[in-house]
Amino acid sequence: MKGRTVKLREAHKAGSPALCSAVWGPGGQHVVTSSAADTDILIHDAASVLAGGRGLGSSLIATIRLHKDGVTALAVAPGPSGSLASGSIDHSVKFYNFPEGEFQSNVARFVLPIRSLAFNKKGTLLAAAGDDDGIKLIATIDNTISKVLKGHKGSVTGLAFDPRNDYLASVDSFGTVIYWDLCIGGEVRTLTRIAPTFRSDYSVRNVLCWSPDGQTLAVPGLRNNVVLYDRDTGEEVFTLNGDHEQPVCSLCWSPNGRYLASAGLDRQLLIWDVKSMLDIERQKFDEVICSLAWKPDGNALLLIDVMGKFGIWESVIPSNMKSPIEGIPDLISTKVPLFDDDDDVNDEKPSTSCGLEDDIDESLDYPTPVNHMRLKRKTAFNGDSDDDDLIHQVELSKRIKDKHKGRKEDAGNENGDSATSGRMVTARMQAAFQPGSTPPQSGMRSFLAYNMLGSITTIESERHSHIEVDFHDTGRGPRIPPMTDYFGFTMAALNESGSVFANLCKGDKNMSTLMYRPFGSWASNSEWSMRFEGEEVKAVALGTGWVAAVTSLNFLRIFTEGGLQMHILSVIGPVVTAAGHGDQLAIVSHASDCLPSGDQVLDVNVFNISEGTQSISGRLVLTPLSQLSWFGFSENGQLSSYDTKHRKSLSFNSSSVTARKSEDESHWVVGLDANNIFCILCKSPQSYPQVMPKPVLTVLEMSFPLASSDLGANNLENEFMMRKLHLSQIQKKMKEMAALGLDTAANDEEAFNIEAGLDRCILRLISNCCSGDKLARATELAKLLTLEKSMKGAITLVTRLKLPMLQEKFSSILEERMSNDRKIAGTVGFCSNASIMKDTPVSTAQATAPSMFVQNGKKLLESSLPKPNLVNQQSSSTETMKLEEQAGETKDRARKNLPAFTPSAKVTKNSETKRDRNGAYITAAADQNQKGATDHMGTKKNSMDECNQSEPQRPVNPFAKSWSNKEQSSSLLDSIKKMKVETEKVNKPNSLKLKM
């Protein structure tokens, strides 16, 4: 059928196509139009427009000229006293009285043009969006921005509030649709690139709109059609396919939700009967229709084209069809749905803004998602007969009844806070995945495993698959011959020793297979496999001498490399993924169902396979509304995770860093080290790489999610945080090694290099603080310096900058540290219980040589033992020889610009070295003095047993790296010579007395 032609009249003059808007007033008595080509907002009398009076002046009520640039969006609040809102290219949103058009207020917190506006059902909230980063929710009671919703990557061009006030739907210029939960103020669902993109054409835009009952969301499709999506699940319900030859750019529903109007770039306007999914009316225009609005209480459609011409299509729906205003949904009704049982009547509750039990309007004739295909077949042959309506209602009744009951049961089982306890949980628990694997693709290769060592690929054929193992560095691993796969493996893990494969349940016996294949073995048949009937392998992992598999029955099965079943453990919940490194096995599992906000609740457990212990157990932290995308160990054995929001978490160190990303890219993580993430960049909409051509690894620099500093030194502050993190990691490692009695000397140089780099970063930050007049912050940074040379450099810096107060502060900090070091050095020189650190282990080794302290360029020789007496005169020469040897070693360290460790800091065979809180190295040595020996003051020393109970320690000044190599070498030799002279003076009279 074809109705009469709609005549359009000019409202706005445009030399070229521009985005125009048209909306109805609350009672349908007025219409408002605007254009991005001029600054005018025109309020018309609807009756005069329908009468077709000559000229624009016959229908014009008010003209508003307050914007400085073109008007791109209009919205009218519901209700008799609703207000008018307008958005413009001039970055402003303004409010007016309606229909008078008097200015009320201005919201000016935008930096880029506005593209879309929308009021909620009650008119208490206005959503505004455009080229700015985020959607701003404006409270109309005081015109303040109450919330900013961020998640879109492009300009937001369409907004629509759910009629039940539960959701806000938005669409951007890339065609991505996001559902926002108004109760929690967050993103609950994202539908990526489901709508067309109009590139740089600003005369049209992506739009969307909710059905009047709020059950479905209409969005323009990618195939010149209209797609309807379910309210709760976001799944596609059905599609309206008609005669549109180009993408749809405007949509609107009839008041009862029975009909839908769509306009496209092909200049056609179609009217759809949603029940039959057929277009029942159409119009062809000279220009593209860029805005549509159905009259709230009538059978009329307001439209405007890109050249500023508007009109009203009267009697859109023929009189022989159901009226568009018959059976309008009553969303605040408390009546029981038509097909509910009697016993459910008392349980029915009124609908609320965040409520669960939505009233079901029996007057709506279009089908639910389950029955739309059946309905389409019937209506195509039988038309719109009463018999079809009766059959459809009988079929629909069971679906509505079951759905309504299920919602009430879910509401009774759900516990939460007042804001979210009434909502049905729609978020799903994340499914299990294998790090480094990609989904299988028919006829194409896919990755079973991809890590920093190599990759395992597979390709399906008719009855089997072909598997290949490749190493990135061919010299690192052996050449592995291809393998024929008859099991259909879907996941794998790879390390230097071998590879493990697993598949999902298949066959009549519902059986899953686990197979291990070593790369080299002395035995001829070292490959083995295990089968699990009725139990499916979800994730696999490899380590040093062990193979692990986690199954659907929440079993953790651990095997040896030879296939011996060693352990069978229970996992607390459904597994998400697993990873192995050396002796460490990490398992991620669900701790509970998803939170009402949609957040995943995950636990991580780390096992030491060789010791048979569980070393770590705790919660895995993810970014809100994200999922785990990668999990594993770094090259140095640091357990890490990476989520879909591009945040990396260093597990159990309370640290989070983010990878710097660009728009329209997803990161498929391969591995990481201390500073970088190694990944493969995938362009949207792809989220994983292809095997061919061979993917290229990209290195992404990690950074902390720091706030924007008032110094403007974000890079320096990020470097400061990263170095602190690395220093804490190596200090923790050294502490663990010391607790196990292992030698930490190999890590001392690395720790010092990190400390030196940290000091350099702090000095640059101090310079920035001085330039920015942040003297208090500069003082705090100075207290973090560890080396004396760095501290003196900071004093020199503030002196050159002519900051005497800061110079005094820094000098006092240096003096205080030097004083503390002297006190510690003087205290530990005596064999006293009160002078020994509590954590120092007792040693019975021979005494070490004297310690050398260098402070402010002065050489101080202090002995960790009393001066030699008659009993130990022979040991004096031996100690002197030891001191010379250690002095030589100290000179070598000085040449390498290492910290000025004392000669006693070189650990002897039976001595132990520790660090104090200032970074100094302390050596605990045993006192070898015999009982009854006297010190240089002639007083009696404690017995050897008493000294063994509390070992003397020798701390070293942490600022001892302030002299040149030349000075250090000469001072040490001079000190040795002086000590020889003093020793000879003491030993000579003692020797005479011994002869007498």
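From the backbone N, Cα and C atoms, a Cβ is placed for every residue, glycine too.
In TrEMBL, annotation is done automatically, which means it is predicted and not curated.
In TrEMBL, the region 'Disordered' annotation falls on 864-896 of the listed ranges 633-665, 864-896. The average per-residue pLDDT of the prediction over the repeat 'WD' (149-190) is 91, rounded to a whole number.
As a summary of secondary structure, the repeat 'WD' (64-106) carries 0 helix, 22 strand, 21 coil according to DSSP. Secondary structure of the domain 'WDHD1/CFT4 helical bundle' (715-819) per DSSP (helix as H, G, I; strand as E, B; remaining residues coil): 89 helix, 0 strand, 16 coil.
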